[in-house]
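Peer 1: Annotations per TrEMBL:
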type	residues	note
ACT_SITE	Cys417	active site, nucleophile
ACT_SITE	Cys420	active site
BINDING	Arg216, Thr218, Trp229, Ser268, His271, Arg313	FAD binding site
DISULFID	Cys115-Cys120	disulfide bond
DISULFID	Cys158-Cys195	disulfide bond
DISULFID	Cys417-Cys420	disulfide bond
SIGNAL	1-29	signal peptide
Amino acid sequence: LNTFETMVKLVCSLAFALIILSASIKCHSSFSPFLHAKNAGQPSKYGNKAISERCFCELEGSVNDCECNVAYVDSLNNNKIFPRITSLLTKNYFRFYKVHLFKKCPFWDDNEGKCSLKFCAVEECPADSLPDGLKHSNDTLKSSNRIFFGPLPKEEPCIPSKEDILGSINETISKAASESIATWIEYDAKTSSFCVVDEEPPEDQIYVDLIVNPERYTGYKGPDAHKIWKAIYEENCFKPSLEYSLFTDTRNMGDMCFEKRVFYRAVSGLHASINIHLSLKYLHSAAEVPGVLSDGINSLGNWGPNLEEFHRRFDPDRTNGHGPQWLRNLYFLYLLQLRALAKAAPFLENVDYYTGNAEEDYETKEAVRDILNIVKDFEYHFNESTMFSGGQQAVKLKEEFRLHFLNVSRIMDCVGCQKCRLWGKLQTQGLGTALKILFSGDFDSPDPTVFDLRSMRRTHFKLTRNEVVALFNAFGRLSDSIQALEVFKKLAVP
């Protein structure tokens, strides 16, 4: 009898075990896309938390290095900034970007790393489709207060009277003096710049319609893409410790001084934002899809959110625990660029945003002012005035900071995918413009909390049209990334 009871118990236990095993297999099969993860088969460091919880575990509380929390940024961006900046960037002034896409990589031979996939190509904007105001623009802002693009209005010739001639000031300047002044201006521009500006002749640069060439996953990956970020992090980024790898150990950032930590977090935030874009508009198949796609473009390809790709790039189990902190750095960069917009607001409010279409130009200017009013009313701006204060050592560190980012912008000319190069150059120029606004001194006022154009140094107060376009588009990319996190949070819910 005892033997029979033992056998019954054994059979029951075995049946129960089979039921549990079957349920487990079903559970894992529902997450089959994640089984090829780097640490697949190993126990998670995050216990029984769902994958969705693990990726976003750092997105709460203070952003750190800023007096603001994540929830406040989410509310500001998703409810106020995102709908406005998305609408603004469809305006002609902001959708056309002038760029040189065929520069030679200054660091290595990039011929072997060229992307031959059709989705890597950029469609150039034909000259006849450009707004009239851009066809004749020299891309330079004419003044520190009022900006005009396109041909200047014709003036009637002035015939001076004899008294005017006798009392006039001799405004002639020798050729040698003019050349010297041009050299001074060029030197000032270069020493205040944080990114490389395309200075090639106009025939080497093209206008690109950013709406026709959206940022999305093109299939460009592997060693060549990895090489770009390796060069940025290992050769042009401040290191928090001697033990350093491609993706810096974010847990050691506290060992860095504030200035170096700001640099790393800005680069990391940019990297995170780009990875979110590639996950949000992922190429699921190259088959033709009829009708207009979700991004408003008629195109070949089936594009859409890829949750598995997002987890591959940010899941802590796949990123040695760093992924959630990279997402946190996105919020830091967002606040950094938000502050730059606020600081330059008096200038940006006075730009004419000229394209030749009076009605749309007026709408664009009003839309910019609407966004800037929200930006200026924000209470928890990043405080850049605490940086680079400490004598000659601080001056040296500031120049090192500038040169590091200058090199990062140069590396964008080594990207093998043409479309990735386009968006890499635009976003680094946008961030470089924000750094110029914050740290060059040209936009400083006696009281950093006051947005007063008259109190600033007008003699150096200038941005090119491309810098303005890049500044807003780069911020728009960050806004889009934060909004996209809500998409992935909903997709990740079991």
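Glycine too: its Cβ is placed from the backbone N, Cα and C atoms.
Quick one: where do these features end up spatially?
Peer 2: Counting every protein chain shown, 25 other Cβ atoms lie within 10 Å of the Cβ of Cys417 (active site, nucleophile).
The 10 Å shell around the Cβ of Thr218 (FAD binding site) contains 20 further Cβ atoms across the protein chains shown.
Long-range Cβ contacts of Cys120 (disulfide bond) within its own chain (separation 6+, distance under 8 Å): Thr218, Gly219, Tyr220, Gly416, Cys417, Gln418, Lys419, Cys420.
Summarising the environment of Cys195 (disulfide bond), the number of other Cβ atoms within 10 Å of its Cβ, over all protein chains shown, is 23.
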Peer 1: Max Cα distance spanning Arg216, Thr218, Trp229, Ser268, His271, Arg313 (FAD binders), Å?
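Peer 2: So the binding residues stretch over 21 Å, Cα to Cα.
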Peer 1: Take the Cβ of Arg216 (FAD binding site) and count every other Cβ within 10 Å, whichever protein chain it belongs to.
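Peer 2: Result for Arg216 (FAD binding site): 23 other Cβ atoms within 10 Å.
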Peer 1: Could you measure between Ser268 (FAD binding site) and Cys195 (disulfide bond) for me? Cα positions, answer in whole angstrom.
Peer 2: 17
